[in-house]
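Have a look at the structure below, then the notes.
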Amino acid sequence: MDFDIKLISSTTSIMSLKTDCLVVGIFKKNKLSSIVKDIDKYGEITNILKSGDLNEKLGSTLLLRNIQKINAKRILLVNLGDKKKKIKESNFIKIIQSIMNVFCNIGASNLLLMLPFNKIEKYNLSCLIIRTIIIISDNLYRSDAQKSKKKPIKINIKKIIFALDEKNYIDGKNAIIYGCAISKGIELTKNLGNLSANICTPTYLENISKKLSFDYKMDIEIINREQMQRLKMGSLLSVTHGSSEPPKLIIIKYMNGKFKEAPIVLVGKGVTFDTGGISIKPSYSMDEMKYDMCGAASILGTLYAISEMNLELNIIGVIVASENMLSGNSTKPGDIVVSMSGKTIEVLDTDAEGRLILCDALTYVERFKPSVVIDIATLTGACVVALGHHNSGLFSRNDEKHTKLVLDLLRAGKMSGDTAWNMPIEDRYQKQLKSNFADISNIGNSSADSITAACFLENFTKKYVWAHLDIAGVAWKSGDKKGATGRPVALLTYYLMLKSPNINFK
Ligand code: BES
Ligand code: MN
Ligand code: ZN
């Protein structure tokens, strides 16, 4: 799909615009938007509306043809709700979705969106255009990579054009570049999340990472099992014991910022399949545990997006990839392992494996002297219980140094629509991780599982400013639309865009 901007000045005659379809707004009680007033010189549209053909419901549409003296082949009227009120974010998404539904079924190959973008609550123009592109790309996505016959998407539309005035033209053009970059990053992340675990192994993630690094001239380093042993990553290695797939620690360096500027480090959980290990999971829905590498996949999607946008930052993506399987070699409940930090860990539950691989990666990244470290992980089922599929859980220390990071991430979430919710890390929870035999246990005692998981990680992040995103609820959808969502690529990319000197958002 192509996107473009059409410059509309005060002298542009809308009647003479050539397009397959002009998309314009109508408000409640058939009130016309100013653009419709402009083009309804002969009262035809007003008459049609009087007939009651446009449903009163927000998002309803009515397709018109052969309107007198108008060059556009079709006009699509969209009900935007109450004229006096701002359009809510959720309603805006509804509107875009219903416009897309119409275009899946008609012959138009391009369309010109003339919607009042300034009437949408809380959003600025750039964010709106980016969001629209993300929603449309999401609509057009199909998870058919492993189907023998791919059904082509039945849609004629090739180009979507936003009509903007001169003062918004440049912002609009840039927003299209950003929106397309983020959408492609999201698509990469979805593709990886949807791939079956017999294909998407740690070695597969290594190969994809190598390809991405080659395409965008990033340095890449792979740490294999022997090197992990030399680095004394006993916690990470304990998770890999049950699997015959070799684990990989993948380090990708995007160094496009100032020389010697401290990097932002992103660490992603890449468990390519989580059986739970000896603390085995119930078999119902266990297939979904192929998504347990979506933290890793979101790092690749984000690196893709920021490379396309050429952000002027130093960013290091670290993917810690392993399977969590059962075998005669598997780690057993009660086993005590020595992490790279030297801390000993009692593995009371082998299904709490994410934190075991992340803690060694989090110790490893100390060497980069990062300005900020953010880890991204499908870490706990409890996070799905707490926040559902709407928000990522955002965990960080509650002190001055971390406040800015938390606020920046929350803001990036709001702007992108890929939202997060702040959750606590406190000593009271930290105490739940006490072990009788080791320095720390890998599970708390049954309550506040996602918080104790974050507390566990906190122990390994004392040397830098850090936040943890639990994406267990947002990284995919269950049910008949089962599949990866590509979250939180948009959140992460916005966070980085807002830090990059060459991106200016209004
Ligand atoms: N990968 C799971 C978390 C998960 C569960 C993600 C459901 C997505 C959906 C993680 O490794 C896990 O198994 N966590 C345990 C932790 C528990 C043993 C403390 C969980 O959530 O049950
Ligand atoms: Mn698990
Ligand atoms: Zn897991």
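The chain as shown is numbered from 1 upward.
Glycine residues also receive a Cβ, built from the backbone N, Cα and C atoms like all the rest.
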Exercise. Check TrEMBL for me: it has Asp351, Glu353 binding Mn(2+) 1, so pick out which one of Asp274, Asp427, Asp439 it puts in that same site.
Key: Asp274
Self-check item: Mn(2+) 2 binding, same site as Lys269, Asp274, Glu353 - TrEMBL member from Asp287, Asp292, Asp335
Solution: Asp292
Practice problem: Go through the recorded positions Lys269, Asp274, Lys281, Asp292 and tell me which ones have a CA within 10 A of the CA of Arg355 (active site). | Solution: Lys269
Quiz item: Where the criterion is a Cβ under 6 Å from an atom of ligand 1, which of the binding-site residues Lys269, Asp292, Asp351 meet it?
Solution: Asp292, Asp351
Quiz prompt | Packing count at Lys269 (Mn(2+) 2 binding site) (other Cβ atoms within 10 Å of its Cβ) | solution = 31
Quiz item: With respect to ligand 3, which members of the recorded positions Asp274, Lys281, Asp292, Asp351, Arg355 satisfy a Cβ distance under 6 angstroms to one of its atoms?
Solution: Asp274, Asp292
Practice problem: Starting from the Cβ centroid of Asp274, Asp351, Glu353, the recorded Mn(2+) 1 site, name every other residue in that chain with its Cβ within 8 Å, sequence order please. | Solution: Val239, Val271, Thr275, Gly276, Gly277, Ser279, Lys281, Met289, Asp292, Asn324, Thr350, Ala352, Gly354
Exercise. Enumerate same-chain residues with a sequence separation of six or more from Lys281 (active site) and a Cβ-Cβ distance below 8 A; give 'none' if the list is empty.
Key: Asp274, Thr275, Met289, Asp351
Quiz item: Among Lys269, Asp274, Asp292, Asp351, Glu353, Arg355, which recorded positions lie by ligand 2, judged by Cβ under 6 Å to any atom?
Solution: Asp274, Asp351, Glu353
Quiz item: Under 8 Å Cβ-Cβ from Glu353 (Mn(2+) 2 binding site), six or more apart in the same chain: what's there?
Solution: Val239, Val271, Asp274, Gly277, Ser322, Asn324
